[in-house]
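What Swiss-Prot records for this protein:
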ACT_SITE  179  active site, proton acceptor
BINDING   18, 39, 44, 69, 83, 84, 122, 123, 124, 147  NAD(+) binding site
BINDING   86, 92, 124, 125, 126, 127, 152, 153, 154, 155, 233  substrate binding site
BINDING   157, 172  beta-D-fructose 1,6-bisphosphate binding site
MOD_RES   224  phosphotyrosine
């Protein structure tokens, strides 16, 4: 793939609620010139491709079609949303084994097509499935990316913005760690238009310390709330994926919170994918952005990574997954 290439091709694997919402976001935001959609329900992908194509007169030209794995061979980006959905009362980590099997089958077929681009993983549990995509593909770690805490960070910024009465785009704050129950807020570096969050709150008295705790809990548990109300989350993550896609296809070198391979960026955190900011462009992860964490935040990062690593190690101790690993 070249950063100057004008015809950008995306293959989406998984045409469920997240996948179809992502496809819609690509069309409405004029991202990419070609979109192929793969799903086991071929007729559904044909219907979605036809339906989406009817929006092109209002947006920009794009080739949209129901694809096969062979179509991945010259894609710039393959986006993986295929997987069993998270059910009410089920954590993202409960999904591990069934979605690892799906991931192994999908990634094996994509690699067999001759695909040389970038993997973007969104299926849950995303940090573990990003790791397994890296293992099953044999690709360099920079070319396997997970959506990570991109949505969590967006929720965090929006919640803070609503609380203090500013535009969410003026709030700069990250959620790091697992995209899930062990994630944490990086309070030490949160700011509003360059003003440290604590300084802002001291001057404006918008919320007290307990209010911040409650705000974080609402962000962390947002998916459970939405799933209980409507069965699934898909709009927010779809737009987050579209943003990451644009950063890759346009070679933006944008800093986004993603699921990034760990090899000692943070003390005691290695051999796993986990959410942290990173520079991303046409060739994948350019480099991680290692925000200096305070002691409490570092402990949370380590605890989150240890939880993921334990699940990864247990999963890849099984022959069906260990035998398929290429990395």
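Glycine too: its Cβ is placed from the backbone N, Cα and C atoms.
Overlay of Swiss-Prot feature records on the structure.
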{"residue": "18", "record": "NAD(+) binding site", "Cβ contacts under 8 Å, 6 or more apart": "81, 122, 232, 233, 234, 237, 238, 241"}
{"residue": "44", "record": "NAD(+) binding site", "Cβ contacts under 8 Å, 6 or more apart": "15"}
{"residue": "83", "record": "NAD(+) binding site", "Cβ contacts under 8 Å, 6 or more apart": "14, 95, 98, 99, 102, 103, 123, 124, 129"}
{"residue": "152", "record": "substrate binding site", "Cβ contacts under 8 Å, 6 or more apart": "175, 179, 183, 219, 220, 257, 275"}
{"residue": "154", "record": "substrate binding site", "Cβ contacts under 8 Å, 6 or more apart": "168, 236, 240"}
{"residue": "224", "record": "phosphotyrosine", "Cβ contacts under 8 Å, 6 or more apart": "none"}
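The two recorded residues residue 126 (substrate binding site) and residue 172 (beta-D-fructose 1,6-bisphosphate binding site) have their Cα atoms spaced 23 Å from each other. Long-range C-beta contacts of residue 157 (beta-D-fructose 1,6-bisphosphate binding site), restricted to its own chain and to partners at least six residues apart, with a cutoff below 8 Å, comprise 168, 169, 171, 172, 173.
Under the three-state DSSP scheme, the residue listed as 'active site, proton acceptor' falls in the coil class. DSSP assigns residue 18 (NAD(+) binding site) to a helix. Over all protein chains present, the Cβ of residue 124 (NAD(+) binding site) has 29 other Cβ atoms lying within 10 Å.
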